[in-house]
Every structure is written in C-alpha cells, then in structure tokens.
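Colleague: Before I ask anything, let me first share the structure, which is written out below as structure tokens.
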Amino acid sequence: MPFLLAIDQGTTSSRAIVFDHEGQPIARAQKDLVQYFPGDGWVEHDATAIWEDSLAVAREALDRADVAAHAISAIGLTNQRETAVLWERASGQPVHNAIVWQDRRTAALCRELKAQGHEALVRRKTGLLIDPYFSATKIGWMLDHDPVLRRRAEAGELAFGTVESWLLYKLTGGAVHASDATNAARTLLFDIRANRWDEDLLALFRIPAALLPRVVDNAGRFGETLPGLFGAPIPITGMAGDQHAAMVGQGCFTRGMIKSTYGTGAFALLNIGQTFVESRNQLLTTLAYRLNGQSTYALEGSIFVAGAAVQWLRDGLRAISSAAETQVLAEAVADTGGCYMVPAFTGLGAPYWDPEARGAILGLTRDTSLEQVARAALEAQGYQTRDLLDAMAADSGTKPLALRVDGGMVANDWVCQFLADITGIAVERPRVIETTALGAAALAGLGAGVFASPADLGGQWHRDRLFTPHMPASRRESLYAGWVQAVRRVASDLR
C-alpha cells in the first residue's frame with residue numbers, strides 16, 4: 001500500500017502526518033515552534049528551528065506509523081505563507097531570523113509606497129495590496145539593515161525562500177532551490193498572470209533577482225531527500241502554501257466553492273476559475289493552485305487573528321488553561337452582554353487592511369464575566385468571516401451556498417454553529433479537519449502518480465457534520481451591526 005507523508009510547517013507548530021492512499025491519517029507528530037517578539041509588532045522565528053523541528057516530526061510520524069522510508073511514495077510540503085527566510089547558499093545556514101507573516105515592522109515603508117502611487121501596479125500584477133503582511137518588504141528590511149547582506153545578495157551568495165522553499169533546500173541537501181507558484185504569489189514580486197518574477201516589482205522593492213528561487217507547479221517531481229535523513233531517499237512531489245493546500249484538501253476544484261481555515265489566523269478562499277478578477281472590495285486575488293502549468297485563481301480574505309485570540313486568553317491573560325475550555329464558557333451564557341472583542345493584535349486584515357489598528361474589548365461593564373469575554377473571542381471569528389463573505393459576494397455577484405471549514409478551531413461545535421448563524425449559510429466540517437496536511441499529501445500523490453487527476457483528489461473529501469443557520473435574521477443583523485460599530489472604533493482609518 002502506498003503511503004504519503006505531509007510536512008505541515010505552521011506559525012506556532014510543525015507537524016507531520018502519514019496518510020494512506022485513501023486520504024486517511026495513519027500517524028501524526030507535532031512540535032510547538034517558539035515565536036520571538038523583538039519589537040512592537042515584530043514577529044520572528046529561528047529558521048534553523050523550523051528545519052530541525054520539521055525533520056524531527058517527520059521522523060517521529062514515520063516511527064509511529066511503523067512505515068519505512070521506502071514505503072513512502074512521496075512527501076508533500078505545506079507552510080505558513082509570506083514568512084521570509086534568507087540563507088547562505090554555500091553553507092545552507094540562515095543569515096537572519098525568519099520574519100513572520102504577522103510582522104508589521106515595514107508598515108511605514110508600505111504607507112510611503114502607497115502614497116507614491118505604486119499600489120495600482122502591484123494590484124494589477126500580483127492581485128495583492130502593499131502591506132507588511134507580504135514577503136517583499138521583509139526581504140528588503142533585512143538587506144537594508146545590514147549592508148553586507150545586500151552586497152552578498154547582489155553577488156548571488158544568498159538565497160531567499162518562503163518556508164517550503166527553505167525546507168526543500170534543506171531536505172535535498174541544497175540541490176534544489178525552488179518555490180511553488182502559490183507561495184511565490186504571496187511575495188509581491190510575482191506576476192500571477194504572466195507566471196514569472198517581475199522586473200518592475202523587483203526594482204520597486206529593491207530585491208536582487210539573484211536571491212530568487214525557480215517557480216514550479218504545485219505537483220511535480222521537485223527533488224528527493226538526502227538518503228541519510230530517513231534511511232532512503234523519498235521523492236518530494238507536492239508543495240503549496242497552507243491555505244492553498246487546504247483548498248485542495250477541501251476538494252474546492254469547482255468555481256464558486258469556498259473554504260475557510262481557522263488556525264492562528266483565518267483565511268477564506270473562493271475559487272473563481274481560470275480568469276483573473278481584481279477585487280473591488282479590498283480582497284486579494286491570488287493563485288488557488290497551479291497544475292500542469294494552468295493557473296486557477298481565488299479571491300482571498302485574510303484574518304490576522306483567529307485562534308491567536310484564544311491563545312491570548314490562555315497564555316497572555318491566563319484566564320483559561322486550554323483552548324477547549326472556551327466552548328464550555330461560551331455555552332454557559334446566553335450572549336456576551338453587548339461585549340465585542342476586536343482582536344486586532346497585529347492590525348486588521350481584509351477587508352480593512354489597517355496595520356495601525358490595535359485590539360480592544362468593547363462594551364465592558366462591571367457585570368461582564370469571563371464566560372462572556374471568552375464567548376466574544378469566539379464570536380469575533382464569525383464576524384470576521386462575515387466581513388469576508390460579504391466582500392466576496394459583492395465581487396463575485398453570488399453568495400456561496402455552503403462554507404467548508406477546517407483547522408483546529410472548528411473542532412469546537414459552538415464555533416461552527418455561530419459561523420452558520422452569523423453568515424446565514426451552511427457550514428460543512430470534514431471528517432479530516434487537518435485538511436492542510438491532507439492537501440499537501442494529495443498534491444504529492446498527484447505529483448508521484450498515485451492519483452491521476454485533480455478529480456481523484458476531490459474524492460478524498462468526506463463530510464463529518466453539517467451546521468445550518470438557526471438564528472433569526474433580525475438577531476443576526478443586530479449582532480453584526482454591533483460588530484461593525486466596534487471595528488469602527490478600533491480601525492484608525494474609520495474613526
């Protein structure tokens with residue numbers, strides 16, 4: 001029986017899952033990743049830890065599955081997107097901590113570039129906005145703050161990659177420097193219509209072309225692991241950014257299908273087919289996936305803080321000891337008593353794009369309880385999702401009939417039901433909620449010939465539970481109106 005190994009490198013942890021050829025998880029391993037916060041709004045990772053942890057969990061998953069390397073048909077890689085890694089080609093060692101997608105240190109530069117009128121060019125070529133979220137200004141910051149690094153980059157001595165590119169480089173012993181199209185599309189340097197690195201964008205952000213990896217499809221033969229890593233070489237045949245892998249894992253291969261993933265942040269992607277559509281409502285246009293050289297596009301809404309709000313209750317306030325407690329707390333009260341949490345810890349994402357916004361809990365009274373604050377943290381995920389779905393409906397002209405959800409938060413039944421209630425559409429939770437890893441494994445299977453076509457991948461999806469809206473429309477709109485007012489008080493551009 002062929003097995004597939006998915007390595008899923010995320011913002012707060014690295015995990016690996018062994019799947020069988022029917023898409024069922026056989027064994028998994030996970031290790032938390034330390035985050036560093038060296039300045040206000042700054043977020044970094046140790047790139048060496050990313051590599052070492054990813055290798056360790058892959059080995060552990062194989063051990064737990066009792067599967068030898070020669071029985072693994074292929075490896076699929078998926079990763080936190082936009083996070084920028086810079087390393088020395090000769091040694092394979094990082095020259096700076098990885099700057100994480102959440103990092104806002106380049107907000108002033110982004111404002112300056114917008115004021116100079118560059119955003120129209122960026123939107124036309126990349127489908128993105130000028131924002132610290134994306135990789136280009138992170139790379140530029142590293143080069144500008146160490147003149148030696150800029151000189152070495154221009155001389156071709158350094159390499160840039162998003163996390164999947166970094167892992168591919170390390171797994172192959174430096175033999176392959178490549179990035180998949182979905183990750184390249186998140187850098188602000190890649191023209192997603194022409195499918196190439198763009199000279200105008202490289203000049204705008206002052207990024208030397210010598211840094212850049214070769215761009216490949218999401219499925220194909222990219223290289224193989226060094227024999228010593230797992231006991232035998234394993235082909236690496238699938239790569240995608242985490243949200244794109246989740247789209248594959250959710251079987252969203254038809255125009256109009258939509259998925260939303262709830263992890264540290266939350267990300268909704270709507271399949272819009274093979275025609276580029278520029279958003280009029282502050283969404284991103286991005287690659288859903290690229291197979292056999294053919295691009296499929298998506299509208300994306302990015303929420304910077306989802307599960308991180310619950311982590312803050314646990315680790316920051318120490319109000320709870322585990323994320324699972326939030327469901328019990330939320331169910332213990334009938335409502336939040338007018339309390340809203342706007343979790344803009346690192347600014348607001350779509351559709352506001354306000355890097356200066358900061359989080360707030362509004363509507364507090366002497367009677368506000370921990371249960372109500374916990375419920376407000378969970379409700380915020382529904383309100384933010386409603387923001388995105390309304391913008392998508394305005395751009396596409398149609399409202400989706402169902403929302404496929406995944407990620408750690410959707411194990412919480414209360415969250416899924418509130419999502420259905422506040423959006424007014426059905427919410428579908430799959431049997432395998434680790435759909436990011438499943439999508440990476442499926443792409444690896446496609447690249448290795450285990451699956452013949454994307455249609456075979458869609459057959460891997462099975463529904464666990466359907467949540468339908470129960471909330472009266474008047475109540476839904478009243479709650480959402482309160483959210484809109486809360487955001488208005490937090491967002492710097494709306495005050």
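Quick reminder: no glycine exception, Cβ is built from N, Cα and C everywhere.
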Colleague: Can you pick which of Gly173, Gly174, Gly408 Swiss-Prot lists for the same ATP site as Thr11, Thr12, Ser13, Thr264, Gly307, Gln311?
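Modeller: For the ATP site that includes Thr11, Thr12, Ser13, Thr264, Gly307, Gln311, Swiss-Prot also lists Gly408.
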Colleague: To which of Tyr133, Tyr169, Tyr297 does Swiss-Prot also attribute binding of glycerol at the site defined by Arg81, Glu82, Asp242, Gln243?
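Modeller: The record-listed residue among the candidates is Tyr133.
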Colleague: Just to verify a number: CA distance, Arg81 (sn-glycerol 3-phosphate binding site) to Ser13 (ATP binding site), in angstrom, no decimals.
Modeller: 14
Colleague: Going by Cα-Cα distance, pick out whichever of the binding-site residues Thr12, Ser13, Glu82, Tyr133, Asp242 is nearest to Gly307 (ADP binding site).
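Modeller: Spatially nearest to Gly307 (ADP binding site) by Cα position is Thr12.
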Colleague: Determine the Cβ neighbour count for Tyr133 (sn-glycerol 3-phosphate binding site): the number of other Cβ atoms within 10 Å of its Cβ.
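Modeller: A 10 Å sphere around the Cβ of Tyr133 (sn-glycerol 3-phosphate binding site) contains 29 other Cβ atoms.
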Colleague: Per residue, counting other C-beta atoms within 10 angstroms of the C-beta, which of the binding-site residues Gln311, Asn412 reaches the highest number?
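Modeller: Max Cβ neighbours within 10 Å, all protein chains included: Asn412.
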Colleague: Cβ-Cβ under 8 Å from Ser13 (ATP binding site), same chain, 6 or more residues apart: which ones?
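Modeller: Set apart from Ser13 (ATP binding site) by at least 6 residues yet with Cβ under 8 Å, we have Gln30, Lys31, Asp32, Leu33.
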Colleague: Using Cβ-Cβ distances, find the residues under 8 Å from Glu82 (sn-glycerol 3-phosphate binding site) that belong to the same chain and are at least 6 apart in sequence, listing them in sequence order.
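Modeller: Same-chain residues close to Glu82 (sn-glycerol 3-phosphate binding site) (Cβ under 8 Å, separated by 6 or more) are Trp101, Tyr133, Phe134, Ser135, Lys138, Thr162, Arg186, Thr187.
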Colleague: Given the binding-site residues Thr11, Gln243, which one has the fewest other C-beta atoms within 10 angstroms of its C-beta?
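Modeller: Counting other Cβ atoms within 10 Å of each of the binding-site residues Thr11, Gln243, the minimum falls on Thr11.
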